[in-house]
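Here is what TrEMBL says about this protein:
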type     : residues  : note
TRANSMEM : B:61-80   : transmembrane segment
TRANSMEM : B:87-104  : transmembrane segment
DOMAIN   : B:107-286 : domain 'ABC transmembrane type-1'
TRANSMEM : B:110-133 : transmembrane segment
TRANSMEM : B:154-181 : transmembrane segment
TRANSMEM : B:234-252 : transmembrane segment
TRANSMEM : B:264-282 : transmembrane segment
Amino acid sequence: MASHGIEIKGLYKIFGSNARQHVEAVRNGLSKAELNERYGHVLGLKDINISMPAGGITVVMGLSGSGKSTLIRHINRLIEPTYGEVIYDGVNVCGMNERDLREFRRHKTAMVFQKFALLPHRTVIENTVYGLDIQGVPRSESLKKGQYWIERVGLSGFENHYPNQLSGGMQQRVGLARALTNDADILLMDEAYSALDPLIRVDMQTVLLDLQAELKKTVVFITHDLDEALRLGDKITILRDGQVVQQGTGQEIVLSPADDYITAFVKEVNRGRVIQAKTVMKPFDGLADGVHIEATTTLEAAAKAMTESGQTKATITDAAGAPIGTLDLQTMMAAMVTPAGSDTSKMAAE
Amino acid sequence: MAICEFLPKAFCRFPAISDSYIRQARQVIDDGFRGLVREYGYIIDALKAPLQWFLNYLERLFTTSPWTVVLIVMLVIVYFGSRSIRITIGTAIGMLLIGLVGLWEDTMTTLAIVTVSTLIAIVIGLPIGILMARSERVQGVINPILDVMQTMPSFVYLIPVVVIFGIGKVPGLIAVVIYAVPPMIRLTNLGIRLVDKEVLEAADAFGSSRGQKLWNVQMPLALPTIMAGINQTIMMSLAMVVVASMVGVGGLGRNTLQAINNQFFTYGFLNGFALVAIAIIFDRTSQAFGMRLQRHSEVVHG
């Protein structure tokens, strides 16, 4: 279980030779386009403030060019910030000297990459113990740990294969095993599943969720896929053009998108898998009839339970089983379909 | 030319610096060089001594061992380097033919000098190549030097080498090394620079130090390219061995030189073919070895 969250405070990243000089101007409202046009500098991140809870999965979502990969590289400082702080366990990662930073990377963080970034000349097991090799752990010890994690990610029997002999999904399992073998608190996943086929991607998401339920690491997950973000994220941060546009749980983002940009995003989302029963239930009317469903169940699961038992009404219970509300089929359907947008209501008014 | 009647003289005939100035300058430079060599002769001798010893030792080992032993050792090395029966049999046939025409000993002498010069070229070239890959500035300084080294006619190398080190085997060896080292340096540099940026980033993310990155990632991934550099170095040593015979290197090169001077047509070609045979053996073996190093990158999965 990870003990410390990650606090990102007032982080700026400007790419260019005189980056620091322009921080003030950007803070005072110089736009990305203006900065590029006038000074030839590229604005990567602007005033990022995110608190990533310990033991939870924080998803940073954005389209390409939104700065999400730049952001995750600030957490282990593969990219130097122009301004701002990344605090872990009371220490500013951005202020560490070279030696401390190396120790921090060796023991506190592990990273999984979009293009796997495995060592092609090492076998699966040798790749898995790579982090421990770097730490100087003797092979007699590291191979045991590596073997354990290879089994956990479902790669038994492939220990002595080379990465090129494996499919993309399997290579990323090696990437995940390599990160987990490091036994670090922080797990950084940079578009880890973006290069995988949809089915394998869902598979790997399940692997991650299962492992996370047990390990409770502080996971930072980068993705451009909202469905993936909603499935994995305890907390979701949406980036656009290097700025945070909205932060919150999946439900909050789907139910109250902050602007048109996010509204456009969430329109295509399967809401039944995101919205929980307690969010749309009606107050408890005293009749504990129908199936009993726990408050945090998603609407899709609730609908399934209700159809299977042939009921049109369900009683929502808290974790202890006490009834706290009711849910009928109609309310549920209304919540699951995308609400009519402003366009349609305007047409109706005319 | 008629046109010269209308032009100032300087525009018509190139106004060279007068001969006497050039003579003086040459004298100053040459005397300076000789003085330097005379002054620091003991340092030069001290530098030469270990090379001399190593070269003599290897040459004696190659030439005095029974040819059967040498051939067997060679075949074993070729086989384990290439893992190819064809190359091994080819080596056996080539070496037997060389022995049949009476060039065995000369071939051994040449083999010794090529081995030593290749080893020295690797020892010098590898670290320089690594330094170049690490620093743009070092690359900026060394690249033009390599350009000059590679375009300078090989005969010209012999002049400073002879002036400084005199005539003999070791000066020849040094000339060969100077001629053969540039591809080693260049391909080491290139190999390291071509290493996948993503893998390097992963090495950084796991907290590798510079040394760990070099030995765990950069060198292994650059190895196929470095092997190509070694292969080139061997080929260039073999070419330069003939030229270096002019300053006293023995073996097949000297025979070739004699054949040129005396118009021994057949003898010259026999020596030439012997050189070709060794070149092919070295080339095929080192290439096959390089390919084997890359086996992990064979895409087995579709």
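Cβ from N, Cα, C; glycine included.
The stretches the transmembrane segment (B:87-104) and the transmembrane segment (B:264-282) are in mutual contact, each linked to the other by at least three Cβ pairs under 8 Å (pairs 6 or more apart in sequence).
In terms of C-beta pairs under 8 Å, the stretch of B:61-80, B:110-133, B:154-181, B:234-252 lying closest in packing to the transmembrane segment (B:264-282) is B:234-252.
Counted over residue pairs separated by six or more positions, the transmembrane segment (B:234-252) shares at least 3 Cβ pairs under 8 angstroms with the transmembrane segment (B:110-133), which defines the two as touching.
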